[in-house]
Structures are given as C-alpha cells and as structure tokens.
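First up is the structure itself, then whatever we jot down about it.
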C-alpha cells in the first residue's frame, strides 16, 4: 500500500485512540494530534455535564482539525490524528473540510487531502469492555454515561473508505503491529 499522509485513529471514547495514535506516531516518526485537545471550552463543559454533543457542536471542531491536517499534508508532514470521527460525515469533514455542502466519499475532485492519502484505523470493541475501561479512567472530561450516545450514532467505516478495523480486545503491541502491517 502507498503510505498515507494521514492515519486517522477512530472509535468511541475509551477505545484507546490516544494511546494507539501516540504510539504509532512515535514508531513512524510522524506528528501526533489528539482531537480532544481541540474541543472548545463549551464542548468540554457540555460533555462534563453529561450532555452529548450535537452535529452543530462538532462541525467547527472538525473543521479546525481539517485545517490542521491540510496544513501538515501541504508541508509534506505525515500525521496521526486520534479522533472519535463517529459518523461518515465527520470523517468526510476531516478529509474535505466545510460543512454546508452534501459530502460524497467518491468525489475526489473536492478532496483537499488527495495528495496525502488517509487511512482510517477503526478501534472497535463491545460496549461492556469499553465501558469498563471508562470506569477506570480518571480526569477525562468525557463521563462513562455518554458512551451509549456514542455507540448510538457510530457509523463504522465501510467501502469505499480506506480503512482497517482492529479489535480493542487485542494487546497494544498487537494493535500497532496490525496497523504497521497494513501500511506495508
């Protein structure tokens, strides 16, 4: 496979996106971004109160992330982004930017990241396993009570998206090895 310019490590809260993403970036020598660092203060407060984010809450955040990816890809800097990217439309915004036009995954003419291919790494797992992880996590603004809302809107990647699916039941070395193998 031709090496992508962007690895998008996605999944629900507690799936291991930040841990896996940071490790992959370190192994590859790529830049790492954690999308959680770019949430507005309003979004953080809303989630901390147990209120799920709406599309309107997420779109400006996704557009900011798109701009970061676009900038780095234009500079030839490969990137690993850890981001929930729960819906297909959210992943499309990360690739294409904008929020006011219908998004089509097969419309490569409007794909600003076309010069830097994107590989989606979908970290999947059962509600019970991930909920158990969230109960162990301390100091994060996303409470375990919001996990069901994430599973409710989750649209796992599918063709024609460029993706691999890796189970969170695997160990961290097994997960990173699966991604590294997919990059060969």
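A Cβ is built for glycine as well, from the same backbone N, Cα and C atoms used for every other residue.
Sequence annotations record features per position, and here Swiss-Prot assigns ATP binding site to 11, 12, 13, 14, 15, 16, 17, 18 based on sequence analysis. Cβ contacts within 10 Å of residue 18 (ATP binding site), excluding its own Cβ and spanning all protein chains shown: 17.
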Chain-mates of 11, 12, 13, 14, 15, 16, 17, 18 with C-beta within 8 Å of site centroid, ATP: 82, 84, 123, 130, 168
